[in-house]
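Q: Take a look at this one; I'll ask things after.
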Amino acid sequence: MPLLFLERFPWPSLRTYTGLSGLALLGTIISAYRALSQPEAGPGEPDQLTASLQPEPPAPARPSAGGPRARDVAQYLLSDSLFVWVLVNTACCVLMLVAKLIQCIVFGPLRVSERQHLKDKFWNFIFYKFIFIFGVLNVQTVEEVVMWCLWFAGLVFLHLMVQLCKDRFEYLSFSPTTPMSSHGRVLSLLVAMLLSCCGLAAVCSITGYTHGMHTLAFMAAESLLVTVRTAHVILRYVIHLWDLNHEGTWEGKGTYVYYTDFVMELTLLSLDLMHHIHMLLFGNIWLSMASLVIFMQLRYLFHEVQRRIRRHKNYLRVVGNMEARFAVATPEELAVNNDDCAICWDSMQAARKLPCGHLFHNSCLRSWLEQDTSCPTCRMSLNIADNNRVREEHQGENLDENLVPVAAAEGRPRLNQHNHFFHFDGSRIASWLPSFSVEVMHTTNILGITQASNSQLNAMAHQIQEMFPQVPYHLVLQDLQLTRSVEITTDNILEGRIQVPFPTQRSDSIRPALNSPVERPSSDQEEGETSAQTERVPLDLSPRLEETLDFGEVEVEPSEVEDFEARGSRFSKSADERQRMLVQRKDELLQQARKRFLNKSSEDDAASESFLPSEGASSDPVTLRRRMLAAAAERRLQKQQTS
């Protein structure tokens, strides 16, 4: 639990802290020297001093010859309840100076991530050890508090040094141009830390034996934890240095690294779990702040052990399936392929061949198959046995870590979940406390639940269409309604799952009913240009019809496209959105009907005005329109026959 208010507190610099600590130590030494050099000042003070100095008989014999000795001053400082904390602060200051010296010699300037890790590690350690001292041990005397503070000061020094070595090793291992001197300095520091852990074990056995078995168990667990962490980093470093000095590619490196991490992490988790169980049984297991903190840590450690074992089972299953199904590539296949591994971009002296024909390193392929069961290059689905069970277990592991599972090879996300499960078992604390569970589930499914807004879909569709202008907009939008992801829709386009029509099909699909009205005025216009004087009425009416139809096309086409973009698709999965789309469509149809009615009325009035003087008897506008269209059709047929 990071203490944010402590992190934001304006702490002094190391130079200022060292100066203040030195002044405090100097002041306490002067005060103790003055108190010890005044035996004649009061009758009561010499009695106390002689009582405290009974093991040293020569001391009272010459009190004024050379003054009090350094040992007497040290005993006086340790016996005083205020001055002893100055000594503890001085010890902490010395450890910080040693750590600063080690940093300058071994590491140099620290990176931002290393500083943040050290800060988090330090405040977490301080918080949990404060709970341990005053909540679990419930110490009553100043001597016990001082002893535990000095013990934990040495432990936090070792923990921070090991954490810094681990971060620096991870940084140096990814740099191919790191000199061997840097590796040598870090490895030498790790060996020194391991020897210091052996010294801690000796102190633990001496001090813990005199204070009881529980104290011995607590101190042994703490020293074992830091020893295992140090040994873990040393083993990883040895494997890395062996790989650097090994000629060619070391295929077995991944296996050694995995089993080293597995054994060390499981050992650490088991030790920490038993240590917290011991704290819970030793301390007050009833309702208290310390018990709640220990319960939370126990729950976290238990889930970590489960997750690590589940991951190991998945690893064994992947290795078994890979060795049984994918054969090792022959030298001829490696020579024909003559390519680097697509995962690590390193040359391949040995590789495994997938059914699709692609070659990968054994360790690279194993790491990939732990996360996904498809080819890393072509995304071909690999029919591995128990594929569904592996996917379910992998999704369960991701839900524990609040991660999103990788999409399947078909490119369609089945179910993306972010679940948060909280369980409180009150019976483990007190019989009268209730037990309850709370699960917060955020699910995005095709049949699901709240769909993404149309503005987001349109923005994603325009983004994809900028990359693939040949794909129609409505096809992109329909696929986005299913995938809800720009990446998956892009993969579907690249892999051919979206059938891209010819360019002429786009205009037909967007406005299929507008082609015939457009052809009609053009044909009438051509006929009007070649018609005789006796056919003057169609000549006068055809431009008007063309303007009318062009106006209708201009009015209908943008509205349909705009309406298509606004609604997102032809059919929505949400009932509210469908109702809103129907109401919107109804209003648009009414507006279009009014426009057509007004255009038709104006056209009929103009036709009646032009036909009444010439026709006389036939005053029906519908009849006139039919005759005009029939004459135009006859002329079109005649023109086609003559041509």
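Placement of Cβ uses the backbone N, Cα and C atoms for every residue, glycine included.
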Q: Quick check on the record annotations: which of S175, S516 is tagged phosphoserine by Swiss-Prot?
A: S516
Q: What range among 345-365, 429-449 does Swiss-Prot describe as transmembrane segment?
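A: Here Swiss-Prot associates transmembrane segment with the stretch 429-449.
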Q: Which is it, of 306-334, 596-624, that Swiss-Prot names as region 'Disordered'?
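A: Per Swiss-Prot, the stretch marked region 'Disordered' is 596-624.
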Q: Of the stretches 122-142, 145-165, 186-206, 215-235, which racks up the most C-beta pairs under 8 Å with the transmembrane segment (82-102)?
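A: The stretch with the most contacts is 145-165.
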Q: For the domain 'CUE' (456-498), what does DSSP give as the number of helix, strand and coil residues?
A: 32 helix, 0 strand, 11 coil
